[in-house]
Amino acid sequence: MHAVNTEKEKQRVGEQATALIENDMLIGLGTGSTVYYFLRKLGEKVREGLQVMGVATSRQTQTLAESFGIPLVDFNAVNELDLTVDGADEANYQLQAIKGGGGALLSEKLVASRSKRVVWIMDATKLVRQLGNVALPVEVIPFGYAHTMGLLQKEGWEPVLRQDKGSIYTTDHGHYILDVPMNGIHDPHALSVWLHLLPGVVEHGLFLDFADTMYVADGDQVVVMHSHAK
Ligand SMILES: O=C[C@H](O)[C@H](O)[C@H](O)COP(=O)(O)O
């Protein structure tokens, strides 16, 4: 696969994914620059009469959805969602992903875990054979974050506390993010479990058994991949 123009590919895949949306669906709305195009197109369809409700996975998405006229509902007020469409920072051929580059991983994982179907949308530059070319975001409690960093360092990792314009980056939920360079993840499930057991860790960016479908924009094409596990 080859990338031609990442922004155009994001737009193509974001817009194409709106074809999955049917009347009366309750949709999980992911976060990020690829999802932006999905939301924009979905807003157009809503203005043309499509009836849907969305659950936003971040303040950024909430603001965008509102500006595009997509009706939103509180996550706590809903039961199961029909479909979640979200971006990814990296994904492999088993549809396992690393997410959280935009800091929305905690809400994204909650919403994905409450959805009948989960679809990742991305450009082809993000498709990899083995996860771990990008740093893995790990969301931590501010109290004791240095201790959590130390626990990671003790195991040989080199976590970097995420910054935003010279200050510590804070998530929508008031947490910090440690970006942990990986250099290839050999056993994502084992790493996922280990991270969840680490004191101070709220969530991490490994999304392993969520997606059933992936839309990957490669030049003028959108390749649709399905999970064999689902
Ligand atoms: O926290 C952010 C999300 O996980 C995004 O979906 C992910 O970072 C991909 O975003 P983008 O489409 O902007 O590359």
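Cβ atoms here come from the backbone N, Cα and C positions, even for glycine.
Automatic, uncurated: that is what TrEMBL annotation is.
Of the residues LYS8, LYS126, LYS154, TrEMBL puts just one in the substrate site with THR31, GLY32, SER33, THR34, ASP86, GLY87, ALA88, ASP89, LYS99, GLY100, GLY101, GLY102: LYS126. Under the three-state DSSP scheme, GLU108 (active site, proton acceptor) falls in the helix class. Across the structure, GLU108 (active site, proton acceptor) and GLY101 (substrate binding site) place their CA atoms 12 angstrom apart. Taken over all pairs of the listed substrate-binding residues (THR31, GLY32, SER33, THR34, ASP86, GLY87, ALA88, ASP89, LYS99, GLY100, GLY101, GLY102, LYS126), the Cα spread reaches a maximum of 16 Å, rounded to the nearest whole number. Around ASP86 (substrate binding site), the same-chain residues six or more apart in sequence whose CB sits under 8 Å from its CB are GLY28, GLY30, THR31, GLY32, VAL35, THR57, LYS99, GLU108, ALA112, VAL118, VAL119, TRP120, ILE121, listed in sequence order. When secondary structure is read from DSSP and collapsed to three states, SER33 (substrate binding site) falls in the helix class.
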